[in-house]
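S.K.: Quick one: this structure, given as structure tokens, is what I'll be asking you about.
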Amino acid sequence: MEEEMDDQSNLEIIEEDDKEQTQVWSNIGGTSIQRRNMETPGTNIITQRDDTSAIKQRADDEIDIISQPQQDGKENEENKQSAALLQYNGEEDDIICGRFPHLDVCGCEIPSFIALKEIKLIEVIDGVFMGPFQAAFKTRELLENNVTHILNLSTREFTKRKFFKYLDINIYDNHTEDARKYFRITNRFIKKAKEEGGKVLVSCIAGKSRSPTFILAYLIGVEKVKLKDGLALLRQFVPEVEPNDAFIKQLQEYDLEILSKY
């Protein structure tokens, strides 16, 4: 009888020791290998904890997989940008003429190559650059600024580069044009570029009427910025911004339409 009591006491001590070991590793986060080295032969308490750890690890892995695409997307954009810069052979770095950029000679009375060098890419809002027609020729600078899309409103043909996605809108800067009918497609183009982690150049002939008109349409329709505030914002960067009267009227109507929805 006394021996049975001693055996029972010993069993209780062993079980208590196992519980203490399990509790210690639960508190300090010991690895499975470390825990196995401490376990008592013949017990399966640690094995059960190993199974729990494995389940937790699988859950953590699944969380990592879910969160991975966003990080990978950013890295992919950076990799694409680096690859594009390596592929670019610099052929547009020495353009001589801003009016006829792909001719080997310039017959302009004014040395337009100086004007071309003075053209700057201006990021008027996050992810959106505005500029004249010639801004689209500054391939190296566009790539360095992570520009991936070009919205061309100039109605002019020019050599398109494989590094960019283009949207051409044939609209002239006059009072008979209906810019509003294009707002939905141009807004979608700009929005998609930004969602993909890229940036957009919006260009027309001078960068003062058509380009700001469509950037304002994006601000109104997507960013929910009022026309008055959008104009003030663009003029901080380019004081000469002045959409023609017809475009201003169409933007006012669009502004009221969007305001009525919220």
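Numbering starts at 1 and runs along the chain as it is shown here.
Glycine residues also receive a Cβ, built from the backbone N, Cα and C atoms like all the rest.
Sequence annotations record features per position, and here TrEMBL assigns compositional bias 'Acidic residues' to 1-19. Sequence annotations record features per position, and here TrEMBL assigns compositional bias 'Polar residues' to 22-45. Residues or ranges marked as domain 'Tyrosine-protein phosphatase' in TrEMBL: 120-260. Per TrEMBL, domain 'Tyrosine specific protein phosphatases' is recorded for 180-236. Among the features that TrEMBL reports, region 'Disordered' is placed at 1-45.
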S.K.: Taking the domain 'Tyrosine-protein phosphatase' (120-260) alone, what is its mean pLDDT?
M.R.: 95
S.K.: For the domain 'Tyrosine-protein phosphatase' (120-260), DSSP counts of helix, strand and coil?
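M.R.: DSSP composition of the domain 'Tyrosine-protein phosphatase' (120-260): 65 helix, 25 strand, 51 coil.
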